[in-house]
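Here's the structure, in structure tokens; my notes come after.
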Amino acid sequence: MLVAVDIGNTNIVLGFLDGDAIAGTYRITTKANHTSDEYGLFLTEFLRMSGFQPSDVDDVIICSVVPKVMHSFRSSIVKFLDIDPMVVGPGIKTGMNVRVDDPKSLGADILADCAGAYYEYGGPVLVADFGTATTFTHVSDKGVVDSGVITTGIRAGAAALWGDTAQLPEVEITRPDTILGTNTKTCMQAGLYYTFLGGVERTIRQFRRELGGEDFKVITTGGLGRVFENDTELIDVYDPDLIFKGMAHIYSRNVK
């Protein structure tokens, strides 16, 4: 079994890949002060919850945008599983070409998302990841990662709204029944939802316009992707496991 570890700014998500199936996924909060022993305990407990033992793990692949946490988690894997994990990063084989100004600066999570989208759904494809930050990345029909957009995630934008104002409360980010808010809470929910969705749609249209009307697929992922998947015709597929599919593909290209 392959364990895929996605270390993000907000959460660490573990995927247990048993053959072509994802046998289980687990999420914990990203904390820089967790020790390698704490991460090791999380990992072994999640394995047991899915019916596995540490000895069932054949290998591990890590995708991280938080270097300090990646170091601790990597140490936990070496200690608890006796495995030196593969790490998604510069020099790793993906089968795609990265043609941006500084290829080494492309986030490991974006690279894995693109691999998952391109090899699962084909190109050309626009990959939108609704995480702590919101990213859009274009992959050509030849598998070339050539352009993208990075902007504020909806949670970060929402936190600024109630964090920087005296009388606006924290609200759940969800699809409202109507844009016609009638109290502070519903006005905020409508504003957050529809302005973010509108920005997503405009971004997709702008990509299409500047790419000469290219008929790319739009694949979304990330924790909040599900909220928007059925409210716009511009999104083709929401795939919550996209990064794990990409990591599995990358692993298969690099394993000895």
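Just so it is clear, glycine is given a Cβ too, placed from its N, Cα and C backbone atoms.
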Just to be sure I read the record right: ASP6, ILE7, GLY8, ASN9, THR10, ASN11, ILE12, VAL13 are listed as binding ATP in Swiss-Prot. Which of THR132, THR134, THR135 is listed for the same site?
THR132
Once the chains shown are all counted, how many other Cβ atoms turn up within 10 Å of the Cβ of ASP6 (ATP binding site)?
26
Between the Cα atoms of ASP109 (substrate binding site) and ILE12 (ATP binding site), what distance do you get, rounded to the nearest Å?
12
By the count of other Cβ atoms within 10 Å, pick out the sparsest of the binding-site residues GLY8, GLY107.
GLY107
Give the helix, strand or coil assignment DSSP yields for ASP129 (K(+) binding site).
strand
Give me the long-range Cβ neighbours of ILE110 (substrate binding site): same chain, 6+ apart, Cβ under 8 Å, in sequence order.
VAL127, ASP129, THR135, THR137, VAL145, GLY148
